[in-house]
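Read the structure below first, then the notes.
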Amino acid sequence: MHLFFLLPSTGFLGWQLRAMNSTLFIIGVIGNIISVLVFVSPIPTFWRIVRSRSTEDFEAAPYVLTLLNTLLWLYYGLTKPDGLLIATVNGFGAVMETIYVVLFLVYAADNVKRVKTAKLVAALDIGFFGIVFVATTFGIGGLDMKIIVIGLICACLSVFMYGSPLAAVRTVIATRSVEYMPFFLSFFLFLNGGVWATYAILDRDVFLGVPNGIGCFLGGIQLVIYAVYRNSKVGCQSPDNDEVAYDASTSLLSSDDRRYGQNDVSIRV
């Protein structure tokens, strides 16, 4: 952070501010590592898609939305002074989500799904992001106002991203099985929200703090639900789902293979 290098080397206040900036940087690095883990968590699902050469019943919408989320936060990080840590992790996330979306287009189960995915990409990742970029670049003169507008858009979208895994809660309760709620995704979303909320408090960034604080809370709810139903027997599983049975020792790693498309993603930071 640039203040670290500009502060005087003597005096208690200077030492205190340098320590705070060092802490901020360390927390930001930890947040980046956790966010990377969130972004790579769908890899087993997409490895399955590539092997089967079909997206099966997976939904592309969460990945398209997460791509939009990462693009907006990347733009926010590049616009905000000292936003390098925000920009780098979301740049990585944008690359990963782009790969996921491309795989959805290539291996779409049918042409209807391929066209639907292409329309979503055109409307959101190209259209909506393009409108935000052009409007804030040419329609807003002051840097502070530009940061506020972009931050508000990012914060609102991130709340939806963090809440998207809760869509699996109804299925978990109905089936009394956590098969449709991947543990590691919920766990990393919880950590991700907590770390970046802490970073936002130290950096006094309300746009980063509010959605990540909410994300930490929602991630905690998912972990509680997982703990309640993890040892429950599936009492209402239909014969069509018999093929989904798997060894308990690997359930945590594979629980998102059938319904990861209900989650997000993404994340932001």
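Glycine too: its Cβ is placed from the backbone N, Cα and C atoms.
Taken from TrEMBL, the feature transmembrane segment covers 20-40 (among others).
According to TrEMBL, the transmembrane segment annotation covers 60-78 (among others).
Here the transmembrane segment (84-108) has long-range neighbours at 25, 28-29, 31-32, 35-36, 39-40, 42, 46, 49-50, 52-55, 58, 60, 63-64, 66-67, 70-71, 73-74, 76-78, 114, 117-118, 121, 125, 199, 208, 265-269, meaning same-chain residues at least 6 beyond its ends whose C-beta is under 8 angstroms from one of its own. Marked as transmembrane segment by TrEMBL: 84-108 (among others).
Beyond the transmembrane segment (120-141), the same-chain residues lying 6 or more positions past its ends with a Cβ under 8 Å from any Cβ of the stretch are 60-61, 64-65, 67-68, 71-72, 75, 79, 101, 105, 149-150, 153. Summarising the annotation, TrEMBL assigns transmembrane segment to 120-141 (among others).
Per TrEMBL, transmembrane segment is recorded for 147-168 (among others).
Among the features that TrEMBL reports, transmembrane segment is placed at 180-202 (among others).
Taken from TrEMBL, the feature transmembrane segment applies to 208-229 (among others).
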